[in-house]
Each structure stands twice: as structure tokens, then as C-alpha cells.
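A.B. asks: Structure in C-alpha cells, see below.
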């Protein structure tokens, strides 16, 4: 037998341990009980605050869900959409594609952050607040429960010029929209399931007015629906706050009515209607229209996945003291 020597030098093992520790600091390790010891009232504070806000303003759920989506699809779920513009930087929320993000969604995050800073200061990130509030609000209006893993850090960047090309637009094709979903790891089926978020909330007339007027008006819209929308939006060029419910049948309830509406020509946005027209997405619309359980299951799984997109670890982010600006700007 040949002589075999085994080194007892601990340095390689210490180096490996050091590299693992450093790497783990770069990557957020999410878990549902992240704040169990450091902020034990986290769940209670979020739940009570969103309940009070939703009762006061019933559009909060839809607005917060939309805000969460816009946050995660650009730079990941890091609270970057919450940052306010200052004299040095135009932030994401002030890009044209985000100018209709509702104030109530920003307000609920601020309310929760204020309450948490009194209970456990400097512990809970704004990104985690937005993720948890979104889940609680979705379930409040009848949607499925899904786990929210926590431990995200708030990002260091928010640039308005990066929004376009990362957030879907109402007039884009299925191919273009799915391209944005695909680069974030989502399948076509998951894209359709997440589109079902339009079962609640509203859209401003400017997002769909080109489907109503002129020679390019969409003839596939339900005629009575189109007539009602034309009347509603007749002054939208003067008043850009005029809006219509995304789901005209059950606008305040999270259900599968959105998909049923698409089959009846009641899709509000062109990007909604195209889901029933495109052969690649139509089977999923048909499935969800007839099977709400399938929709809820797929939506819940997709939301859990959405919440992990591009999350930041300790080296890539911070816990902001205020959600609308970075700590380095504090004085």
C-alpha cells in the first residue's frame, strides 16, 4: 500500500467557512418566521393596519397588489418603487408608466412602517412590509392564501429611466409581455395566472381609450360594454383621473370572473383581451374561467415565486428608516 498523508491544517476549512458566511450575506435567505424573535408582533401589526385601511378605502387591496408587482419586476422585490424623487434622482414611481400607481398603496406601507418602528425600530424592511401587506389584502378580498417568506432588504437604487421595458404595457403583444415575465423566471401559464390580478382594481381611460374611438376601435369588445365605456371616458382628455373597473361584474371581489369576462368580450385592456385571442394563452383562460380552484392554486404559487424575484441580502440592501428614501439621505 502506498503511504497516504492527511493534512490536519485547519486553514482550508476556515477559509471555506469564511467564504460561505460572506456568500450568505450577499444572498437573502428568506423564511416565514424571519421576524419571530426580532419583531414578534410583525404579523399582528400588518394584519390590523391593512384591515383598517381596506375598510376605510376598498381600492387599497388592488392598488397594493399592483404596487408589489411593479416593485418586483424592476430590480427585484426591494422596495425601490417606494422611493421618492429628489433633486438628484428621478425615482421609479415618477416614470410615466408608474404615474397611476395609487396613493393608497403607498399610504398603507407608510402606516405599517410607522407602527413597526414604534414596536421594533430598525428591524423590518419596507420590501417585506409591501410583500406581507399584499398577501393579507388579497386574502381579505376573497383571494387565496399564500406563504410570504421574509428577510428581504431594501435596495439602494430607484431609477425612473429603467422602468420602460421592464413593466408590461396595455398595448403589447403576448410575446412581448411574456418576454418580461420569462426573464423573471415565469412560464406562460404563470403569466396568465398573475394577469388574473385584474379581477380587482381599475384602469384609467387613457389605458384603453384607443380601443373605443375612431377607425381603429376594437370591434371585439362587447357592444354594450363599449358604449358604457365611451360614455364614461368621453372627457378623459380633460380629466385623466377617470377610470373603469378591470372586472365590471365583481370589481371588489377576488375571484375568477376576470377570465369569464374575457370570454364575453368584457376585457378592459387590450393586454387582457389578447389573452383569449392568442392560441398560446387561450387554454389557460378557458381553464381558469371554468375552474376557480385551479386559478387560485396557480395564482398562489406564482405569487410566492414573485416574492422571491431579485431579493437583496445584507450587502445589497438595508432596512430603511423611512420607506420613501434611502438611509444615506437621512440627517
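Just so it is clear, glycine is given a Cβ too, placed from its N, Cα and C backbone atoms.
Got these off TrEMBL a minute ago, pasting:
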- 70: active site, proton acceptor (ACT_SITE)
- 168: substrate binding site (BINDING)
- 198: heme b binding site (BINDING)
- 39-120: disulfide bond (DISULFID)
- 72-77: disulfide bond (DISULFID)
- 126-323: disulfide bond (DISULFID)
- 205-233: disulfide bond (DISULFID)
- 29-327: domain 'Plant heme peroxidase family profile' (DOMAIN)
- 1-25: signal peptide (SIGNAL)
- 66: site 'Transition state stabilizer' (SITE)
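Distances, neighbours, how buried they are, the whole picture for these features please.
C.D. replies: A sphere of 10 angstroms centred on the C-beta of residue 70 (active site, proton acceptor) encloses 22 other C-beta atoms.
Other Cβ atoms within 10 Å of the Cβ of residue 198 (heme b binding site), summed over all protein chains shown, number 25.
The 10 Å shell around the Cβ of residue 120 (disulfide bond) contains 16 further Cβ atoms across the protein chains shown.
In this view, residue 77 (disulfide bond) is surrounded by 28 other Cβ atoms within 10 Å of its Cβ, with every protein chain counted.
Of all Cβ atoms in the shown protein chains, 30 besides its own fall within 10 Å of the Cβ of residue 126 (disulfide bond).
Note on residue 233 (disulfide bond): other Cβ atoms within 10 Å of its Cβ, all shown chains, come to 20.
The number of other Cβ atoms within 10 Å of the Cβ belonging to residue 66 (site 'Transition state stabilizer'), over all protein chains shown, comes to 21.
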A.B. asks: Could you round the CA separation between residue 198 (heme b binding site) and residue 66 (site 'Transition state stabilizer') to a whole angstrom and send it over?
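C.D. replies: Counting only the Cα atoms, the answer is 9 Å.
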A.B. asks: List the Cα distance (Å, whole number) between residue 120 (disulfide bond) and residue 72 (disulfide bond).
C.D. replies: 25
